[in-house]
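Peer 1: Checked TrEMBL, it gives:
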type	residues	note
DOMAIN	3-165	domain 'FeoB-type G'
BINDING	Gly10, Asn11, Pro12, Asn13, Val14, Gly15, Lys16, Thr17	GTP 1 binding site
BINDING	Asn21, Thr24, Gly25	Mg(2+) binding site
BINDING	Gly35, Lys36, Thr37, Val38, Glu39	GTP 2 binding site
BINDING	Asp56, Leu57, Pro58, Gly59	GTP 3 binding site
TRANSMEM	307-327	transmembrane segment
TRANSMEM	339-360	transmembrane segment
TRANSMEM	367-387	transmembrane segment
TRANSMEM	407-430	transmembrane segment
TRANSMEM	442-469	transmembrane segment
TRANSMEM	475-494	transmembrane segment
TRANSMEM	536-553	transmembrane segment
TRANSMEM	629-648	transmembrane segment
TRANSMEM	660-680	transmembrane segment
Amino acid sequence: MENIKIGLAGNPNVGKTTLFNYLTGMRQHVGNWPGKTVEKAEGHLNYKGDKVEVIDLPGNYALTAHSIEEIISRDFIVDESSDVIVNVVDASNLERNLYLTTQMMELGANLIIALNMNKFAKNKEHNINSKELSKLLGIPVIEIEAIDGTGVDSLLDEIKKVSSNSIDSSKKLVYGKELTLHLTESYDDDGKELLEIPEKHNSIIQAIEKDKNLLDVPATWTAIKLLENDKIVTEKVKASPEFRNIFKELDSLEKHLKDVFGEDPEEIIANYRYAFIDGLIKESVDKPDFEKPTTSDKIDKYVTNRLLGIPIFIAIMWLTFQITFTVAEPFQGLIEEGFTVLGDFLLSTLGENIVSSFLVDGIIGGVGGVLVFLPVIFLMFLMISILEDSGYLARAAFVMDKVMHKAVGLHGKAFIPMILGFGCGVPAVMATRTMEHERDRLLTMLIVPFMSCTARIPVYALFVAAFFTANQGNIVLSIYLLGIAVAIIVAAILKKAFFKGITSPFVMELPTYKVPSVKGVLIHTWEKGYGFIRKAGTIILLLSILVWALGSLPAGVDYGTQESYLGQIGTVAAPVFAPLGFGDWQPAVALIVGIGAKEVVVSTFSSLFEVSEEGEGISNALKTLFTPLTAYAFMAFVLLYVPCFAFVGTIKSETNSWKWPGVLVLVTFVTAYVVSFLIYQGGLLLGLA
Ligand SMILES: Nc1nc2c(ncn2[C@@H]2O[C@H](COP(=O)(O)OP(=O)(O)OP(=O)(O)O)[C@@H](O)[C@H]2O)c(=O)[nH]1
Ligand SMILES: [Mg+2]
């Protein structure tokens, strides 16, 4: 029994994780937009008596040192003792995909190409001769269909073959006479001198070859990376005793290339890569001279249209909320009734004492108060999963990108994280890893929390049911749009004040539309929904118990009254919120505990009111504290202030300092305060009180 370690590498959104899941039977996140996988995942399978370890890598277009996920993939190929790299390639975008392939070939990786999405290539009338392609590249090319496992057995057979008989994939790579002369290594694999290279021509290679420590990667690769100004490789070479000589040769080669081509070395290398790919495609792919617009192109003519894009985006969100709130309502009522019956039963059997108060006020009031919104949350996740898997979510990001790039100058790659922020801010922050510039990345992290995450939905659901019964969906839509508008404004201000500088343009790739599979959508919905249930059983439960304890102490007070510790804390904090329209102690307490997790705003209210308003329901209790205007200001505050502990913690771990979490807390709190203030005071002026 052998142990074979393989890595799945390739462009974003080509089906690496789909193949990984098929191979390992695991359930890593798959979705129809680029940049889902940001960390590598590991799994394994047994195939014909061998153990195959599989590593799913984040997608990338290049192997430069520009962003974290590129470095992860590169380090994997360079450092880890993998046996085979399976390059998953989208057959319908062969040209672009092969650009990464050439860079892995520069590394001499032991490569196999898994040609995926062949159906989409056929739809475009691209006929790929994979045998020819394989011959030209000097590496095996296997056609697969990752989604149903077609061809996966042949792929595994090939992996087994190649793992014990490795291929030097750099062999067939040619970069024109000029570069080839300068970048060819002096010795071949067997240590035989390659005599045909004229003397002095490959002197940079010879200089690199003098330091054995630099030879864990091909010397040619190091030279290319030096020419490309790669930060990490440059640092590594600087540490070499040979560095003076190497940089001297680099300088003279750079000058030479500039003289000959009149371009930067980086461009020259890219041009050569494309020329190589161009040749490959001409030889091995038969495609029509004029590409017919695909169905995706036809849909995109409207969906990403300059004028229609935003109205369509808003219309889809509107529909999402209408469906969510209308369908969820009856189910919500059922769960509510269930908890009421359970509470009454506990009270009648246990009588009024500390135990029944703990169970009824603390647990049922707290956790139950949030679980009531399970149907809304699940429906919302269902809708998001459908939008995500169909490919629309990437379009939404694209449409927002156009607006924000013009208005704010924010980097295009910021939009996937922002759209993800509608689900949960934590993965959204992780997704900022694809951004090259630290400044863009930090700015994006600071505005992601304004995208309304699902944890806030219970708060909206509670308030719209009480104050805006007839327009629930519309009001929630307006809150979401408010979040987007605030994100744009805050980004513009921060950018002007602290994050000056030009942002590099970025062309966002739009995945092909797909009819989402029922199974895929249900799996996604469940994965997200399960996260909510787990949260109810952990942080929400803990904070509910804390609220209950503070509401019951000091000994002898009536639960949840102003005399309790909870009431005292709220009374001290309440004046801060008075200018925003909600100056009572209960909202103040709810907001304070809600810093832990937004759902706890709801659990706190339900825990406080379930008893004091016996049977009247929490809606009626809220009506004594809020008017529709102050309720709206309160929802806006919940939308905009510090998202939750988990978010702050993620910022801490992603930036490795306490500075940015501090900035985040400040920015979100100030923004929430200012916006709620404007809503309330503006509403008063308009006579909406
Ligand atoms: N029709 C079809 N769709 C596929 C196939 N393989 C993957 N997909 C779909 O393509 C999309 C992207 O798949 P992923 O596996 O998440 O892609 P990835 O390469 O891991 O993407 P990143 O993690 O972003 O780099 C998903 O919507 C998949 O369902 C395939 O063989 N046929
Ligand atoms: Mg993936």
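Glycine too: its Cβ is placed from the backbone N, Cα and C atoms.
Bear in mind that TrEMBL entries carry predicted annotations, made automatically and left uncurated.
These figures come from a predicted structure and were not determined experimentally.
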Peer 1: Where among 339-360, 407-430, 442-469, 475-494, 660-680 do we find the most Cβ pairs under 8 Å to the transmembrane segment (367-387)?
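Peer 2: Most contacts with the transmembrane segment (367-387): 442-469.
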Peer 1: Going through 307-327, 407-430, 536-553, 660-680 one by one, which has the most CB pairs that fall under 8 Å from the transmembrane segment (442-469)?
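Peer 2: Result: 407-430.
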Peer 1: Six or more residues out from either end of the transmembrane segment (536-553), which same-chain residues have a Cβ under 8 Å from its Cβ atoms?
Peer 2: 354, 357-358, 361-363, 365-367, 370-371, 559-560, 564-567, 569, 589, 593, 596-597, 599-600, 603-604, 607-608, 645-646
Peer 1: Please list the binding-site residues from Asn13, Val14, Gly15, Thr17, Asn21, Glu39 whose Cβ falls under 6 Å of any atom in ligand 2.
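Peer 2: Listed by sequence, the hits are Thr17.
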Peer 1: If you check the binding-site residues Asn21, Val38, Glu39, Asp56 one by one, which have a CB less than 6 Å away from any atom of ligand 1?
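Peer 2: Cβ under 6 Å from ligand 1: none.
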Peer 1: Of all the binding-site residues given, Val14, Val38, Leu57, which has the fewest Cβ neighbours within 10 Å once its own Cβ is left out?
Peer 2: Val38
Peer 1: What number of additional C-beta atoms lies within 10 angstroms of the C-beta atom of Glu39 (GTP 2 binding site)?
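Peer 2: That number is 12.
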Peer 1: What is the Cβ neighbour count of Thr24 (Mg(2+) binding site) at a 10 Å cut-off, with all protein chains included?
Peer 2: 18
Peer 1: What is the nearest of the binding-site residues Gly25, Val38, Glu39, Leu57 to Gly10 (GTP 1 binding site), using the Cα of each?
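Peer 2: Its closest listed neighbour, by Cα, is Leu57.
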Peer 1: Report, as numbers and ranges, which residues of the same chain sit near the transmembrane segment (475-494): CB under 8 Å and 6 or more residues beyond its ends.
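Peer 2: Cβ under 8 Å, 6 or more out: 314, 317-318, 321, 325, 400, 403-404, 407-408, 410, 418, 422, 443, 446-447, 450-452, 457, 460-461, 464, 468, 632, 635-636, 639-640, 667, 671, 675.
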Peer 1: Helix, strand or coil: which one is Asp56 (GTP 3 binding site) in, per DSSP?
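Peer 2: Where Asp56 (GTP 3 binding site) sits, the three-state DSSP reduction gives strand.
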